[in-house]
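Participant: Pasting a structure here, questions to come.
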């Protein structure tokens, strides 16, 4: 049984009045709250937003809450029509405004921590599905809400040892003997110039040691710590062995629910918090990591670096694929087995024909169908077992396959 994975119904943690802290983030009057929406948003929706804002500033909480629900329902339909890339950003702003108003209404007279947790979930939905509004106000609201929640309790059940000692799934349970394979070289804190000349420019993978092992996350992060900092936050979770499988899907749940369902208890399915910009959503976690100095060798600005979290149980798999940017993969918890193939070997890796999966191989790396994919057997590769504190440099377009050998948390930095 999963146990209590939600934030408990306890008295609020008092650090000043919650409503006072939230109200201080808002413009003084409704006239100062600029919406600035484009022509694609119907006039009737703009009018509804203006009316909801007026209701909020007039203190008519119940009516404002009702209006915000209408805004959210209508804009949700717009967000889920067609492909995500084609959704107009103004509709994402409308959704974010609806989330802001609803969260604020919920917090005007909170009764217990469950009410604040519900408001926090609304904020997270705005952060995940909406667009930035009013100087990233949803981030600020979420941060305040977290300070007014009581300490998070870990999900009930036996927390696995770290690294995870549960039996691995039968299909991918073996730890490969990388001594039999050509391994990725390891270097201890190479100079920027040496890294640039020997690895960045020629596009050669390398594992960097002594660069990240002093980061706070290496000592602080555990299941309990992650639950304490992020337990009540809503995140996207991939369900299924790998994203190329037909039964693969995505869902939204809190971090507590994810840990309880896919890590603490014996799961029927594989769950993976993968490729999520968790550190933008929860800046407190971002304080525990650093951007590697080697990223300064790129052409882009620091704010253009994409930082993703990869958190899941033993057995999670990222199929063989390539990315359009340079990648530093930092291992924080657990170990991962990784295979790397040069872009020059693309013809032997049989990429999918579809536009959506053109950067992903059809080959199951550790159980290949060599009758269907005969060239794969002769494709040379590098491999490694990446351990906590190590950083793997994956050059742009380099094919890579990743399998978690333990309960694992990785951080990737995509840069140009």
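Even glycines carry a Cβ here, placed using N, Cα and C.
Keep in mind it's a predicted model, so treat the numbers as computed, not measured.
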Participant: In Swiss-Prot, 238, 275 are given as binding protein, so which of 191, 318, 342, 346 is in that site too?
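Facilitator: For the protein site that includes 238, 275, Swiss-Prot also lists 318.
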Participant: Need a hand: Swiss-Prot gives 321, 323 for Fe cation, which of 214, 276, 400 is also on that list?
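Facilitator: Given 321, 323 bind Fe cation in Swiss-Prot, the matching entry from 214, 276, 400 is 400.
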Participant: For the domain 'JmjC' (271-416), what does DSSP give as the number of helix, strand and coil residues?
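Facilitator: With helix first, then strand, then coil, the domain 'JmjC' (271-416) has 27 helix, 58 strand, 61 coil.
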Participant: From the centroid of the CB atoms of 321, 323, 400, the recorded Fe cation site, which same-chain residues not already listed sit within 8 A by their CB, in sequence order?
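Facilitator: Result: 318, 320, 322, 327, 359, 394, 398, 399.
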Participant: Run through the Cβ atoms and count how many others sit within 10 Å of the one on residue 323 (Fe cation binding site).
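Facilitator: There are 18 of them.
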Participant: Including all protein chains displayed, how many Cβ atoms other than that of residue 400 (2-oxoglutarate binding site) lie within 10 Å of its Cβ?
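Facilitator: Taking every protein chain into account, the count is 23.
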Participant: If you compare CA-to-CA distances from residue 323 (Fe cation binding site) to each of the binding-site residues 238, 275, 400, which comes out shortest?
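Facilitator: So, spelling it out, the nearest of the binding-site residues is 400.
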